[in-house]
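*Asks:* Taken from TrEMBL, the feature domain 'Protein kinase' covers 36-304. The annotation ATP binding site is assigned in TrEMBL to Lys75. Residues or ranges marked as domain 'EF-hand' by TrEMBL: 347-382, 391-426, 467-502. Under the heading compositional bias 'Basic residues', TrEMBL lists 500-510. Feature annotation from TrEMBL assigns region 'Disordered' to 500-520.
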Amino acid sequence: MGQCFSSDGSAAAAPAKGSGGKGGMFGYPTNFEDLYDTGKELGRGTFGTTYLCTKKGMSAEEKAKHTYAVKVILKSSLQGEGDIEDVKREVKIMQLLKGKSHVVTLEDAFEDKTSVKMILELCAGGELFERIISKKHYSEKDASTIVRQMLEVVGACHVNGIIHRDLKPENFLFSCEEEDSELKVTDFGLSTFYRHGQRFTEVVGSAYYIAPEVLQRGYGPPCDIWSIGVIMYIVLCGRPPFFGRTESAVFNNIMKAKARLEENFKRDPWPKITKEAKDLIRKMLNMDPQARITASQALAHDWIRKDGVAPDIPLDVNVVQSLKDFTGYSKIKQLALRHVAQTYSDEEIRDIRDQFALMDKDGTGTLSLDEMIEALQNMQLGADENKRNAIGEDEIKEIVKAMDYDGDGEIDYMEFVTAALHITQQQRGDKDAWLGRVRTAFDKIDADGNGYIDLKELESELAASGETPEAIQELIKEHDANGDGLIDFNEFSAILRNRASSRTRSRSRGSRGSSGKGKK
């Protein structure tokens, strides 16, 4: 289990976990003793002790199929309502993720007067940490299998509005003792639900695996990707990338991660490790969480793809958010993004291509409204009781309406790429490359090459959208900073940098919002 840290980086008193039940604090069943026999102790942690347990009234053969681990959390260890809520949240998260690949299954939860008992799938293969110790390091082939499973489960967590916040080798278990057995994540005690854009400030986790933005007290889902990057590094060489004799020394090295990582890559065994592996580590250990690779993007990486074929890729929460944001952009910004999207090769946006293929269930090469609804409403599985991550059908129709550039009732690949581009990630990555793409897009719209985009050029570009000359003139005014009636390159670049939606700004001025076209 990870720890909470005080502001100076030292270990603070660890948060205890909560209680309740039908007649108790939690509302959980109280008949554990009627249903299960408790066996030997399997392990002790900060927040509880785990025992073997079996269902009662079964033959020896049946018991072999119904043997579990029971995590016992003493109510006396709980320190107030906050700890109680922590336990309730841990159970709720595991119930939500039940049936997902690479997640230890929570079978049930009970309570009595003294404790809460969580009945968990028994993973007899032990911790990933133990295997790293015994093997020293993994081959790249075996390591990629391990990292792939981690990325798949983290992608599923993020789509479901969950951040784990304590990913480390000790919290990944092998389902059995076979060398190639499935890897499963456990211990959601520090996990939390999140909504898009929400930032957390509590410093939690385990020192070696904590992302820099966690130490800076402003973080979200990318912190889990950082932790996987650290684990991948350890799996390949047997040592942590950011070592220190004290916690504060570890944290200091984490804040200098870029320089430390490049120094480490000059030492054995890294010169012998493929450039693809090091490239993925660099992308997962990017100091800027906004530019850091996502789980779905990492699953499309050359080092992860198995025989050139992507593994099961979850719907990328960042792609979904980009689609939602797209509906609020002005027609000029949507047009600019379309031309920027055309500057990418298929390989450069392979992760988006994989997302498109994931949603294109019938393989027609276009997405229907029904396919969009099916894909995006799956995001509601991650909505908590306040439905804060849910996407309603009306909102999906608005997304499709904004994406459908040619108005034919289907979303083709380029329309999808245009809306799905993670603009912030692109802008904060290779800045020169991004500026070059913006220049190419500008030059494409500036048909006469005079260095300005005028009304006539925009009328030509937006003809399919049904915008009137008057509406286009209003759009120019909205983005024309110097008031000359034209859009120059700096103003064009600013359009792509501006995160505010045209509709919001227009409402604040009392003028009409940008128009859109509907599905047939």
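Backbone N, Cα and C define each Cβ position, glycine as well.
No curator has checked TrEMBL annotations; they are predicted automatically.
Given the structure is predicted, the values throughout are model-derived calculations rather than measurements.
Surface or core, plus neighbours and distances: that's what I need for these features.
*Replies:* DSSP assigns Lys75 (ATP binding site) to a helix in the three-state reduction.
With a threshold of 8 Å between CB atoms, the same-chain residues lying at least 6 positions outside the domain 'EF-hand' (347-382) that come near it are 96, 159-162, 294, 296-297, 299-300, 310, 313, 315-317, 319-320, 323, 341, 389-391, 393, 396-397, 399-400, 409-413, 416-417, 420-421, 519.
Note on the domain 'EF-hand' (391-426): its mean pLDDT in the predicted model is 88.
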*Asks:* So if I exclude everything within five residues of the ends of the domain 'EF-hand' (391-426), which remaining residues of that chain have a CB under 8 angstroms from its CBs? That is, six or more out.
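*Replies:* Sequence-distant neighbours of the domain 'EF-hand' (391-426): 290-292, 294, 318-320, 322-324, 326-327, 329, 334, 337-338, 340-342, 344, 349, 352-353, 355-356, 365-369, 372-373, 376-377, 379-380, 434, 437, 464-466, 496, 499, 516-520.
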*Asks:* Test of understanding: give the count of other CB atoms lying within 10 angstroms of the CB of Lys75 (ATP binding site).
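*Replies:* A count of 23.
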*Asks:* Tally the residues of the domain 'EF-hand' (467-502) by DSSP class, grouping H, G and I as helix, E and B as strand, and everything else as coil.
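*Replies:* DSSP classes over the domain 'EF-hand' (467-502) add up to 21 helix, 1 strand, 14 coil.
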